[in-house]
Ligand SMILES: Nc1nc2c(ncn2[C@@H]2O[C@H](COP(=O)(O)OP(=O)(O)OP(=O)(O)O)[C@@H](O)[C@H]2O)c(=O)[nH]1
Ligand SMILES: [Zn+2]
């Protein structure tokens with residue numbers, strides 16, 4: 001059962017101390033305020049945090065959808081207690097809605113982030129950059145999906161434009177209406193791997209999930225004809241098994257990626273600018289009036305788009321204001337979480353590293 005949900009030898013190894021303590025493993029498929037829905041070899045259980053974990057969670061963060069956890073349960077009542085969270089391989093992090101400083105991990109242990117944008121509405125390159133940066137920063141592989149190809153007059157030129165922006169990740173063109181491109185999408189998720197979809201409201205994420213599942217499990221919405229944008233629909237927020245053996249997590253929290261949280265992700269998306277800046281005469285060039293500034297020259301000669309440059313500076317400033325270091329923020333959050341966990345469980349450092 002849990003093999004289907006991605007249970008692996010590495011996880012088994014990390015789980016050993018918990019197995020010795022008499023606990024069994026499970027994966028959170030729905031995160032809820034009080035009790036989480038957890039898939040286990042004994043079926044789905046409704047699990048609450050132990051008192052001790054609840055206490056630690058204040059420092060180390062709460063377990064989230066996609067997390068592997070150590071459980072105990074009394075026979076037969078469908079309820080369980082979560083005693084520990086295994087180290088995460090990847091984490092999708094966003095800033096909490098109510099605070100600039102608080103980070104929220106909204107999905108753990110994901111392998112692929114599908115960045116979804118539609119081909120019918122006006123294409124917004126800046127927004128795609130932000131989504132891509134968030135995707136890179138999670139530690140998972142980003143893949144761009146362009147939806148509603150049936151509504152686009154010249155899909156080729158738009159695809160080419162986007163491929164340049166999304167340098168380094170695959171760009172897939174799909175149309176659920178025409179049943180186009182869905183198989184190549186499935187090729188990007190291996191059995192046991194977990195993917196998430198991010199993208200603005202109305203781009204067709206739920207429709208895609210339904211198509212992948214082969215049934216209408218997600219509530220979709222009818223698009224507002226006037227502005228080609230969508231309204232929010234409530235979704236089935238859970239980690240679900242796809243027929244091909246992969247897993248998909250469709251949660252509203254992931255869709256609403258706010259500000260980008262990592263300069264690592266930013267650098268990947270703005271790789272060309274980073275390259276340019278390396279040609280400046282001074283290593284700490286501020287790209288203002290310094291002599292020998294390669295960025296200024298590129299701007300003057302029209303080799304670097306002025307809007308793109310402005311956007312890059314704006315995002316850089318936002319990140320600097322947050323004190324973001326070169327480390328991926330997701331990794332930093334995870335490091336702190338593990339440090340807190342180690343204090344509690346004296347986890348073997350090597351076991352953590354091996355994951
Ligand atoms: N023409 C066309 N319309 C599509 C396609 N895929 C989705 N749509 C339509 O786009 C609208 C929005 O689709 P949803 O799947 O609800 O969008 P969403 O991204 O899940 O939206 P939120 O739940 O608000 O985040 C619906 O009316 C769909 O029928 C497609 O391939 N072609
Ligand atoms: Zn410079």
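Glycine too: its Cβ is placed from the backbone N, Cα and C atoms.
TrEMBL labels come from automatic prediction, so no person has curated them.
Record check: TrEMBL places 280, 285, 287 at the Zn(2+) site, and the matching candidate among 195, 293 is 293. DSSP places the residues of the domain 'EngC GTPase' (108-255) in helix, strand and coil in these numbers: 45 helix, 33 strand, 70 coil. Closest to residue 203 (GTP binding site) in space, going by CA atoms and restricting to the binding-site residues 280, 285, 287, 293, is 287.
Packing around residue 285 (Zn(2+) binding site) is summarised by its Cβ count: 18 other Cβ atoms lie within 10 angstroms of its Cβ, all protein chains included.
In this structure, the binding-site residues that sit close to ligand 2, with a C-beta under 6 angstroms from any of its atoms, are 285, 293, chosen from 201, 285, 293. The Cβ neighbour count for residue 280 (Zn(2+) binding site), using a 10 Å radius over every protein chain in view, is 19.
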